Amino acid sequence: QYSESQESGHNRNAPDKELTTEEFQLIFHQSQTVDIEYDFINITTEMIETERKVSFTIDGKEYHLSLTPAASQSVLPYGTKIKSAIWWTDNDTHIHEEDYSDERWDSRAIYENLEIMATILVRTENGTSYYDGVFGEGIAMKVVRSLPGRLMNIYGANYHFVYDSNGSVYDVVLNGQDEPAVPADMAVNNFYPKLLVLVDYSLFKIFNENFEETVKYLTIFWNAVNLRFRPVQHPKVNIIITGIVIAKNEAAFQHVYRARYSKNSKLVHTGRVIDNGRYFFGTNFDPYYDNYDASFTMASMDDPTGKGGATVIGGICSSSNNIAYIRDVGSYSGVKVATHELGHLLNGQHDSDTTCSEKINDNIYTIMAKQGSTKASKFVWSSCTLTAFANFSKTTSAACLKDTYRK
């Protein structure tokens, strides 16, 4: 075993003021004109075989996290297809192969802790570890970011920024047409939701239009969603990202562009994204992608009604209902909503529509609560949702989930 710790004599009163505009954007995913509340922490690491014992202090409170390698394969396997989309002068969306994949994002780099919902991408160089990821839930959810190389030389490589995620807790599902459940010959014991992830230009801009930063973020984001499904045992759920498409201009994703309330508007009608998507995906993506069970479009635009996401209950294997939309602002704010929407696709209903309560106590709410609490610090699966997943696994509507590759 070994320990890592490093001190620096540099003034740490306002390290954010030493960031360039680009560095500030890449760390906080916001403009430098925004006043950010953050903590500047020194992380020490003790290695015991494959376990990382990480310690740091925030506002006098000591944190001791035990991080272990991801229990399942990373949601973003090496070699995942990554493409870009651009709206061209011929009034059409063009898809381009980016040929961008990196083994740094595979399962060997992801560490986790189920108890505190920590998902951390670890990079080790010259005996020093750098941590990027998220831990905690709800009001207690925090983002940890390593320093850019220039600041490591000033403060020391073990220093990191930590700030609140401000995760979204509100959701309204868009219900589709109910289809009769047809019993399957055999239940599916393991769900492998194969997802096509689309990053709208509104979100890509938050990452400084940087492909590496975007892919890194998506890796952490969807591994965090996957971790929230870990308590589900019947069937077990393991997400696989089979493709990523990143919009390089505003009109590239027409299902989002045409769902805005007005031209040049930063407001979007969540329900229209789903309605528009039924045509958009059939036209644009069938020739490029066939190995996905559902698409998730991620954008940073607001819905004036407060909706954070939308999809169709039980629609994951349906060619017309396997579309989901989530709002995310680059601070993992959409992790809970993405978990919720995938829960809907796997046939979970709002707990308020079942016999289960949405609220365990003031601090704990269910993941499938229609409107969670802004004060909740933990989310759990209700018995009603777990039963819905199990029942879904026994129908032909879940058949596409049994394989890691869609046939």
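All positions are counted from 1 along the displayed chain.
Just so it is clear, glycine is given a Cβ too, placed from its N, Cα and C backbone atoms.
Record source Swiss-Prot places C384 in a disulfide bond whose other cysteine, from C356, C400, is C356.
Taken residue by residue with DSSP, H340 (Zn(2+) binding site) is part of a helix. Other Cβ atoms within 10 Å of the Cβ of H344 (Zn(2+) binding site), summed over all protein chains shown, number 26.
Within 10 Å of the C-beta atom of E341 (active site) sit 26 other C-beta atoms, taking all shown protein chains into account. Here the Cβ of C317 (disulfide bond) has 20 other Cβ atoms within 10 Å, regardless of which shown protein chain they belong to.
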